[in-house]
Amino acid sequence: MGIKGLTKFLADNAPKSIQQQGIGSLLGKRVAIDASMWIYQFLAAIREGSQWGNLTNSSGESTSHINGMLSRTTRLLEAGIKPVFVFDGAPPEMKKDELTKRDERREKALAELEKAQEIGDEELIKKQSVRTIHVTKKQVEDVKKLLGFLGMPCIDAPSEAEAQCAELCKDGLVYGVVTEDADSLTFGTPIQIKQLNFSESSNKITDKSPSKQKNGMQIIKLSLILSELDINMDQFIDLCILSGCDYCGTIRGIGTSTAYKLLKKYHNIESILKNIDQTKNPIPGNFDFSKVRELFKNPLVSKNNQIKDLIKWSNPKYEELMEWLIKEQNFNEARVNSYCERIKKSKNKTSQTCLDGFFKTASNERKNTHETPSRPPLSEKQKSETRKEVDSSLSCDKKKVKIEETKIISEWGAPVSKNLSSQAEKDLAENSSEAPNQSSEIKVNKIEENKDSESSTVENTPSLQTKSPEPTMRPVKRKLNRLISESDED
């Protein structure tokens, strides 16, 4: 069931949180899929007589869940989507009452179905047939076997699949969670993906408001829900509990809209219960909201460091897949071959599309990196001060270059030019005590290396140039002058 009335409430009161998007927006993204929900949909197709209906094997067992999963998974791969399938584990103890009610409704539906069949009411037969659906362990194992042949990752949740999907999404292992149950948001799913069913309308984007969008893929963002409703996560959980969930009863007379108004006024369930008239709004005996709140905040899940190694896609086992589908499930051989060819093509297409997207993104990043930021024009005073600073720095740099050159030459026992400044000569005298008798007038281009001298070996003698290197500040000056000129033009 999920959360009663939540989707419509969000469409009316937080419309920006629901975005209709095309399936192409999921290209290259990982998504966690509530597999149990999909199996239920495929089994319902039998009763509704849709494309997967009335499919059985030689034993008379329905195979619509296998055919439906094969078809939709193939479409996912063709769309460049990487699915991670998550299956339900043992239900929480608090869900026991809800499961009992479901069993009772199923028994009642079976009785109504028999009556409808007796009178031949086709519409009523379809309606009651859907209500009798129960996913068996055998059907779940069939789907897992199929996905194993396809090389898809499957995860068995210790409890609720929606909670495990939310955990994957919160830790960034998947982009979003594919499910129709709104309680995935209550478990903290940052992004819920609804109606990913590849129907004709699922890839159409309309201008209709979220409340009027019955078809088409929807992206629901939890952060936008909280900001639009102006509540925090704890209050959102309380809103879901008051609206009606699978884990406790509901308070008569309080639906989603009323619950929201009460939360805005009283902030939490504890304060609400103290202020409402419990004669008009009686509290049911199974309304243990504190335990339910804790379940939503800290559900039983496998931590991602325990299961992240399971999220791997492997190459399909085509031969085993074909043998199982054709021989054991009585699938048409030509149809199976067609699926296999589509999967092979989709893998090549997805790889190339992702590669093209990578290079396109990298190219844009390089382009953006080399864009020259706009500079404000310099005032006349700033221009004058800049020129003075450059001239002063350049003058100091010339002296520094000559002195450093002298020090290097003296240190290595090489002759020194007599054109050095007096200050440079003083610095040289202080640092050349080891060679006091060396003449300073020997020309550089007539140096003869002493091969026997340890200080003049090829390895440790620096190369000498007759021309002093250009002072390092000259390029800086040219650049600054160019900037000033550009400013003048502006």
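Each residue's number is its place along the chain shown, starting with 1.
Keep in mind that glycine also has a Cβ here, set from the backbone N, Cα and C atoms.
Listed in Swiss-Prot:
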| type | residues | note |
| --- | --- | --- |
| BINDING | Asp34, Asp88, Glu160, Glu162 | Mg(2+) 1 binding site |
| BINDING | Arg47, Arg72, Glu160, Gly244, Asp246 | DNA binding site |
| COMPBIAS | 430-442 | compositional bias 'Polar residues' |
| COMPBIAS | 443-454 | compositional bias 'Basic and acidic residues' |
| COMPBIAS | 455-469 | compositional bias 'Polar residues' |
| REGION | 1-106 | region 'N-domain' |
| REGION | 124-266 | region 'I-domain' |
| REGION | 351-359 | region 'Interaction with PCNA' |
| REGION | 364-396 | region 'Disordered' |
| REGION | 421-490 | region 'Disordered' |
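Overlay of Swiss-Prot annotations on the structure.
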residue	record	Cβ contacts under 8 Å, 6 or more apart
Asp34	Mg(2+) 1 binding site	Val86, Ala161, Glu162, Cys165, Val177, Val178, Thr179, Glu180, Asp181, Ser184
Arg72	DNA binding site	Trp38, Asn197, Phe198
Asp88	Mg(2+) 1 binding site	Ser36, Ala157, Ser159, Glu160, Ala161
### All-chain count of other Cβ atoms within 10 Å of Glu162 (Mg(2+) 1 binding site)
28
### Message
On the three-state reduction of DSSP, what should I expect for Asp246 (DNA binding site)?
### Response
coil
### Task
Among the binding-site residues Glu160, Asp246, point out the residue whose Cβ has the most other Cβ atoms within 10 Å, with all shown protein chains included in the count.
Glu160
## Note on the structure
Taking the centre of the Cβ atoms of Asp34, Asp88, Glu160, Glu162 as the Mg(2+) 1 site, the remaining residues of that chain with Cβ inside 8 Å are Ser36, Met37, Val86, Ala157, Ala161, Ala163, Gln164, Cys165, Thr179, Asp181, Ser184
